[in-house]
């Protein structure tokens, strides 16, 4: 299975390493040609506006939408979640519009407010998983087709709808492969 990681910014190397440890074939996705070679895609963290501009300028936005709408599994972590959301609070911009959620950017504050915690995410694991939040967004609304997978302090931080998975946190920065394993079976 060829698992792509949008390789513009964010935890690219860490995602690639997790995929490799699970015997997937990691692919750095930097172009439309790379996008055509993959079976599924991870959109990592970083700065959502910058990544969105990269997708538009590289003419990847519409082909990416078409692949996702056609059923290709996709997982957005942090900024990736913002890019996949239908709506971003206090913004008229949306990018991929692949999951019926509304997100709040930097909902947990600035870089100094970043934190680590643990949570049980029953759909993923029978054990608590480490969660790393860095200037993290969270979900303020989910549509009827969306299932909340995890909440922290009453805020939704992981959700799924069909072939689309989103997390506010960064599983690639934890020493745990369970989230990546779950995505690779999606």
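Just so you know, the numbers here start at 1 and follow the chain as drawn.
Placement of Cβ uses the backbone N, Cα and C atoms for every residue, glycine included.
On a predicted model such as this, the values are computed, not experimentally measured, just so you know.
According to Swiss-Prot, the residue from 86, 104, 105 that belongs to the L-glutamine site alongside 46, 47, 48, 134, 135 is 105. Between the CA atoms of residue 46 (L-glutamine binding site) and residue 78 (active site, nucleophile) there is a gap of 8 Å, rounded to the nearest whole number. Taking residue 105 (L-glutamine binding site) as the reference point, the active-site residues whose C-alpha atoms are within 10 Å of its C-alpha, out of 78, 170, 172, are 78.
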